[in-house]
Each structure stands twice: as C-alpha cells, then as structure tokens.
Amino acid sequence: MDNQVFSGIFARAREQHPLVHHITNYVTVNDCANITIGAGGAPVMADAREEAGEMTGFAGALVLNIGTLNSGIIESMILAGKVANERKIPIILDPVGAGATRLRTDSTRRLLDELTISIIKGNAGEIGVLAGAEAKVRGVDSAGISGDPVTITRTFARETGITVVMSGATDIISDGNKVLLVDNGHPLMGRISGTGCMASAVTGVIAAVEKDRLIAAATALAAFGLAGERAAAASRGPGSFKPALFDAMAELGPQDLAADARVRSA
C-alpha cells in the first residue's frame, strides 16, 4: 500500500476535526474521549435515550461499544444507529466480550440485525464467535480461535457486507474482497485496559472523513499502532505508557504515517 494514501486521510482528519458520537462503556469512556481528540476529532458521549438519536445527527461517525452494556444502553444504541443509517453516518461497532455471555452475544447480533454497521472491530475471539468459528472469549479477552484468522475475517466480511477488523499483534482488515494487514503496534498496548476501545475511537475519527471503509480502518489502526510504538519508546512500563500514548497520538502527523505506517496486502 502507498503510505501517502494513509497520510492524506490522516491530514484530512486533522483539518476537519469531525464530531464523533460514542455510546461506550464507563471503564474507558475518558480514554476514548481523549484519544479521539488526539487523533483530530471532537468527542461527545450521549447515551440517554432522550438524546442519543438527536446527538448522532450532528456527528460524522457513531461508535458503539458494548463493554458495560445493559438493556437501556442497547436501546440507545438502536435509536442512535437508526438515525446514523438514515443520514448515512458510518457506524463502528466494538463487540466487547461477545461470546463471553449470552447477553453480550445476543446484543451484538441484535445490533448487526437491526442496523447497517460500517466497520466491526474485535479481537480474535469476538470476531471468531460472531463469524461462527470455534473461538473462546474469557471476560473481554480472546482465549483462542480455531482456523485461519485471515480466512475467517474475509468470509465474515463477505457474508455480512461489513468491513471487519480482527485486532491482534497484526491487525487483519477485510471488506470481503481485499485483506490488509497492519503491523504497527507494541506489546505494551496489551498491558493496559482500554487500548481496543481507543482503537475503535480512532477508527471513528478516520471513518468520518474517508468513505472507503477498508482504507479508513487501515489508516486508523496504523496511526494508533504507530502512536503505541512511539509511546513505548518513551515509557518504563504500563504506568508511564498510558499518558505517553495520549502524547504520541496528539503529536502524530501525516508525515509520520507516510514514513512509518506498515500496511500490506494479504
């Protein structure tokens, strides 16, 4: 892939400062807001049923994250998602813990059934379960998947018409036809809570300015992974890594993606 493509998209996000509406979890809500700002966007978190749809109408993207779900939150997600679909606003779904409990799995399937999702991003266990593969989820973390991850990701994308991201040491992205692999990132990103949620937030920023969902997801994950690499170089461990990650994301420029994004075709 030509890194100038990712660089140009990231520059647009920095210039346009898109509003991204998050209905997310209370574990990482502040992290998602701050990483959205760092990536060039403007965050808003409105999960009340009385305003979720109205707020979505102002946004460039909608991010739905089921990390701490309940029945009221799911209804707000449906209301917001329907407005997004009516106005052709992209929806990014992060099915945190899908496969771990019946509530999480059923709620994710309901969102997939009732809404047109643009991008779904999950770990190997979450995507594997939703794709019908043999996979395990322990809490909100992947506990393994049986089968070829690239094939599972591509097939799930083809069957649903959704751009699918299976996150991992190498992120796998497919629109059902093409498959892109993103190698940016650092092991410290897996040693703090919330980096998966933050990756979805950054994806919302980029999807708000780029209609090609495959390229948008690759741009977002390369940028976030690159920020993780730079934060790790300035850190002593998980405690110092987290604030360094926000600094690195805020300091990242289009020229950094042009030089250091590592995205390849499968």
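From the backbone N, Cα and C atoms, a Cβ is placed for every residue, glycine too.
Annotated features, as they stand in Swiss-Prot:
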- MET45, GLY194: substrate binding site (BINDING)
- LYS121, SER167: ATP binding site (BINDING)
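Mapped onto this structure are the features recorded in Swiss-Prot.
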residue	record	Cβ neighbours (10 Å)
MET45	substrate binding site	17
LYS121	ATP binding site	28
SER167	ATP binding site	26
GLY194	substrate binding site	20
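GLY194 (substrate binding site) sits 13 Å from SER167 (ATP binding site), taking the Cα positions as reference. The distance from the Cα of MET45 (substrate binding site) to the Cα of LYS121 (ATP binding site) comes to 19 Å. In the three-state DSSP scheme, GLY194 (substrate binding site) falls into the coil class.
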